[in-house]
Amino acid sequence: MTKLPKLSSNSSLLGLSSEDLEEFARQEGEKSFRGRQIHEWIYQRGAKSLDSISVLPKKWRDSLVRKGIQIGRLDEINRVVAEDETLKLLMGTFDGEIVETVGIPTDKRLTVCVSSQIGCPMGCKFCATGKGGLNRSLDVNEIVDQVISVRETMNRRPTHVVFMGMGEPLLNIQNVLDSIECLTSDIGIGQRKITVSTVGIPNTLSDLAKLAQDRLGRVQFTLAVSLHAPNQTLRELIIPSASSYPINSLLKDCKKYIDLTGRRVSFEYILLGGLNDKDIHAEQLANLMRGFQSHVNLIAYNPIAEENFKRPSQSRVNAFRELLENRGVAVSVRASRGRDKDAACGQLRRQTIDKIKIN
């Protein structure tokens, strides 16, 4: 007997492929075309409940509901739109948790910044998400839903997805890879338009390369490493978890990843005014990047209430970038979006949780 497709831990159909849903229908005693109908209604029509899929026999729909099967869509709690049209969504899960995602539009693209966990265990000093610790990892349906929800809310097809929201993607590696497969196969976002970010977890980059090759056939998404400092002492100050992963070991593992995948690595560097944005830091960073198949993304810090870090001036950002460019480093500056609506990672969710506690 063919094995029944594996549902997520919350018995959701969202995240399953057309082939999986066809097999699911057959195992349920229905014709395989019923699975294709479910696929169309979930991924193209945005069905949020089984009862809304009117083409399915009501008797079967009722049976699935009794078994606890669900589509697995999240419930919108709040939405905020910034002056630059950046969208921030807060969505509720089946167990009462809050997921945060961001839609970032430009003229030619719509990037969705998705979360991979509820909270985060890494404790990066500049990040609002890490202040509350980790609650749990997200299931595939909860990751994919973020992209669908932004598509529906903005009435526009997402072109890019970045795993740069709440959580450490490599601590939820299987669900992240499964959701990438769903995003490419079922929603139509090419792997090259997807970025997976990590602060660096020891002994995971080679595993990521091998697992991704097994799951996706070929690694085409971009790996973005959150570096944020050019030396170990400063990195541990900004990212406490870095104490267990020396920067030289991290870079060595990045080179192995490049060898295994043939893909360059992107390094994220958040500029904290007066702390890691001096000329000497740019020079140290340029030395680290020497001989690397890489790209550096500079990000000016978005302040959060709990920390006293400062946002650098635009002139300091420009000087830092120019110093890297003059030393042959491929570098760009990421534009800050949604600053008037607390669009830094985790801010809106944390404020919402605080309000709930107060009330």
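Cβ from N, Cα, C; glycine included.
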Further binder of S-adenosyl-L-methionine named by Swiss-Prot next to G167, E168, S226, L227, H228, N302, taken from the candidates S197, S266, S332: S197
Within the predicted model, mean pLDDT of the domain 'Radical SAM core' (106-340): 95
Spatial neighbours, same chain, of H228 (S-adenosyl-L-methionine binding site) - Cβ under 8 Å, 6+ residues apart: C124, F126, R235, I238, I239, E268, Y269, I270, N276
Proximal residue to C120 ([4Fe-4S] cluster binding site) among recorded positions E100, E168, S197, L227 (C-alpha distance): E168
Whole-number Å value for how far C127 ([4Fe-4S] cluster binding site) lies from N302 (S-adenosyl-L-methionine binding site) (Cα to Cα): 9
Packing count at L227 (S-adenosyl-L-methionine binding site) (other Cβ atoms within 10 Å of its Cβ): 29
